[in-house]
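**Q** Could you have a look at this structure, given as structure tokens, before my questions?
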Amino acid sequence: MGVRGCPARLLLPSLLLLSLGLPVLGAPQRLSLICDGRVLERYILEAKEAENVTMGCAEGCNLSENITVPDTKVNFYAWKRMEVGQQAVEVWQGLALLSEAVLRGQALLANSSQPSETLQLHMDRAVSGLRSLTSLLRALGAQKEAISPPVTASAAPLRTFTVDTLCKLFRIYSNFLRGKLKLYTGEACRRGDR
């Protein structure tokens, strides 16, 4: 027998899966990952870095079409009064729209005449980051809360607007992570004691 009753032959594959970031049965680490402030801060830092890179960008950062993104403004008074289910709906809707927007931005960048490798790298990181954040939120149970909000929770339609540059797209990405996503995960982690 290996560590804590786990057969030795299963320990190595489990460690390999964990190192790749893949879920392993009986491994509660994914639940607490989003609750570790350093994890979300890493994604925020990447988003802010991408925004900073595109701030000085001129022609190559204009998008050939407008992209719809979620409004990232937070009314803190209203947010604190919202039911958890309403908060989850707003975060999931915003995350879904933001993911679509970043994927569209990635496609537009790839189809541009001379896409910058640096911009492509930041776009790829944003796509990967949004996928990871989606998985982490699922592990936290946010999707379940969003699907079955209390009956009294009448979700308002998601506020949106359009952006026409990569800088604005990355600013929205950064603001969404620092705002609604951070507020929601902070509360969900405290509530769940994770």
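Every residue gets a Cβ built from N, Cα and C, even glycine.
Just so you know, TrEMBL annotations are computer predictions that nobody has curated.
Here's the feature list from TrEMBL:
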SIGNAL    1-26  signal peptide
DISULFID  C35-C189  disulfide bond
DISULFID  C57-C61  disulfide bond
**Q** Quick one: Cα separation, C35 (disulfide bond) versus C61 (disulfide bond), in Å?
**A** 34
**Q** Which of the listed disulfide-bonded residues (C35, C57, C61, C189) has the least company, meaning the fewest other Cβ atoms within 10 Å of its Cβ?
**A** C57
**Q** Take the C-alpha atoms of C189 (disulfide bond) and C61 (disulfide bond) and report the distance between them in angstrom, rounded.
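**A** C61 (disulfide bond) has its Cα 37 Å from the Cα of C189 (disulfide bond).
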